[in-house]
Amino acid sequence: MAAKDGAKSQEDYKLKDMKPELGERWPHGGQRGGTGWIGSERAASTYDLVEQMFYLYVRVVKAKDLPPNPVTSNCDPYVEVKIGNYKGKTKHFEKRTNPEWNQVFAFSKDKVQSSTVEVFVRDKEMVTRDEYIGKVVFDMREVPTRVPPDSPLAPQWYRLEDRRGESKKRGEVMVAVWLGTQADEAFPDAWHSDASSVQGEGVQSVRSKVYVSPKLWYLRVNVIEAQDVEPSDRSQPPQAFVKVQVGNQILKTKLCPNKTTNPMWNEDLVFVAAEPFEEQFFLTVENKVTPAKDEVMGRLISPLSVFEKRLDHRAVHSKWYNLEKFGFGALEGDKRHELKFSSRIHLRVCLEGGYHVMDESTLYISDVKPTARQLWKSPIGILEVGILSAQGLSPMKTKDGKATTDPYCVAKYGQKWVRTRTIIDSSSPKWNEQYTWEVYDPCTVITLGVFDNCHLGGSEKSNSGAKVDSRIGKVRIRLSTLEADRIYTHSYPLLVLQTKGLKKMGEVQLAVRFTCLSLAHMIYLYGHPLLPKMHYLHPFTVNQLDSLRYQAMSIVAARLSRAEPPLRKENVEYMLDVDSHMWSMRRSKANFFRIVSVFAGLIAMSKWLGDVCYWKNPLTTILFHVLFFILICYPELILPTTFLYMFLIGLWNFRFRPRHPAHMDTKVSWAEAASPDELDEEFDTFPTSKGQDVVKMRYDRLRSVAGRIQMVVGDIATQGERFQALLSWRDPRATCLFVIFCLVAAMILYVTPFKIIALAGGMFWMRHPKFRSKMPSAPSNFFRKLPSKADCML
């Protein structure tokens, strides 16, 4: 029974094929045809990776000549659009008889049961019931159909009618009503009947939006030297260092080794800056008075926009900058710019445009272009993604005592982020939104995450209790694994690791197509570096890259959270894997078994050769002898045979090639085998928030694991040192024996043809077990007795 449950769960974690009805399907006469304005000669739609969803659009533009209220002599008008049980309202204007709203309402046609569309104009009353001004009624059967790229439907003026529709009243309203799809330009900013329960500021947070990451630059500051820097105590020469701050980033040079008023450093400090350059460049030269006290001797403040932009590896001219004496300006007010001190600093500062500023891991990078746009190459393809729907999403919060989920998707590729609209209170939402990206390198990854919206302005309470959008799951797709011009439609499992273990949160359905614009250019890219050339001409250290990536992620998260509606910090951090560098016992085990899997082929080959040598299958061993004789007699066939063999293996494996993109694999991730304590440790904060006993237990476990790794590394070092000891005379007798052996071997190899040597060595290696001894060989015994530096270890 347990085996069946395990097999079932493994099946749930796999990718599933789908066959959705993609493309346009219209209710009146087939695809792209029928009556009305839709002609059969129209070009193919760009929305061919999603299922068609029909909406009734009502655009309320403005009204004129509205009658005032007979009691207040004023008019505070608003418009209410009613279709069946669905109602949408515009905002009201105070004391306006000619208001302008220019608002669009979108009603899902699948949920519309009414045969009429009613547009009411009402007068807002603060105490009593809102006053009726008039209405306009449209017959659903007479509503025209509009499909992009048709021009927008022109709104028209309609006279208001009384309640019964028998007579006209004073006032007119300008309205346009049409039947369209999610491809309509009005769709993203329209009021949706699906989100009619959302009010106030929450309305903005449910709409679909496209975001662009800020343009990031590396700011390189080469601190060369300073002159005439004086501390407050002039009797003691300063031990100076430089501190530079850009935004929230602070870096320091090393202390000048000599105590002098003319210190030298020649040290590089690298920061991340984003356009538009809002932060100031703030530099101070400080004196290390005591280990706990620093004294500012001078400062420099400058906007980032004044620095030179470098696009290649050419040298940047250095400049001398005057330092302002710190503290004098604060005392003298406006005279601070006049009080220049004689000290100055020598800097070489530039904004690096030839690098790609990495805000994500290189393992699943989505953008490889340099910062400077003039260095970009032409795109080699187009990536189109249809975000169709989701199924079986787990409830993420409680609202009014009811478990519910308000899901939306976020997709990130390159500098472009997209966010779908939020589907209110649905565990099986249907988005059917399509997005497009330009592709500059096929060896990149698109990331898509599903979240629960907790910012709808209601009484939601997430399971964690915090007002953050909860993670439902994530999908990554590497573009190089996709066949060109093929549509992949699959249902991807949404898997999340929690402290209690692995949990499937549902499934998300995607349609993906990668279109190649230039096959020759794409093949050409496979032989070129992934990153721009500056990363290889002037590379950063590993520690620098980690720090700069974290700073870039922080800047991107801060900028996108200021958009309207905001793409929140928790979204950006989850998509960019901000915690991927944190220690995890589970990841360590997974990486170890990945290494084992990589060498599994070599291990299997070694085992097979051992079976051949020990004559486990005599026929195989005899055939191997024959092949060995042929290769010895005709050595020029060795390399052609090897490459021909790999060619045939590639052709054979073509039949079994993967038919679908890779997805989150629970076995590779070692997700199901992780213990609860290991998962609890993985999700612990940094620094830890656990109790002393728990930390002690985990520390001891880590020491045990590290001890085993230490033993393996020591054994590898020992074997290498024994090779070095062969000629080092550390063991004089062993080295003497080896030197004599080398001399004899040189003479034998000189007078004996190589084919004879190779044939004799091969026959000895494959000799029959009758001629083998169970004792270790003499060379092995000799090697094991060589000395190593393990004897010198404390």
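For all residues, glycine too, the Cβ spot is worked out from N, Cα and C.
Annotated compositional bias 'Basic and acidic residues' per Swiss-Prot: 1-27, in sequence order.
When averaged over the domain 'C2 1' (37-158), pLDDT in the model lands at 82. Annotation source Swiss-Prot lists domain 'C2 1' at 37-158.
The domain 'C2 2' feature in Swiss-Prot is assigned to 198-321. Note on the domain 'C2 2' (198-321): DSSP counts are 10 helix, 66 strand, 48 coil.
Here the transmembrane segment (510-532) has Cβ contacts under 8 Å with residues 20, 22, 49-50, 354-356, 362, 365, 368-370, 375, 378-388, 439, 441-443, 448, 475, 477, 479, 482-490, 492, 661 of the same chain, all six or more residues outside its ends. The transmembrane segment annotation in Swiss-Prot covers 510-532 (among others), and the record cites sequence analysis as its basis.
The list of residues near the transmembrane segment (595-615) in space but at least 6 beyond its ends in sequence, with Cβ under 8 angstroms from a Cβ of it, reads 621, 624, 765-769, 772. Taken from Swiss-Prot, the feature transmembrane segment applies to 595-615 (among others), supported by sequence analysis.
The transmembrane segment annotation in Swiss-Prot covers 619-639 (among others).
The transmembrane segment annotation in Swiss-Prot covers 737-757 (among others). For the transmembrane segment (737-757), the list of distant contacts is 632-633, 635, 726-727, 782: same-chain residues at least six beyond its ends, Cβ to Cβ under 8 Å.
Across the range of the domain 'C2 1' (37-158), the DSSP-based residue counts are 6 helix, 53 strand, 63 coil.
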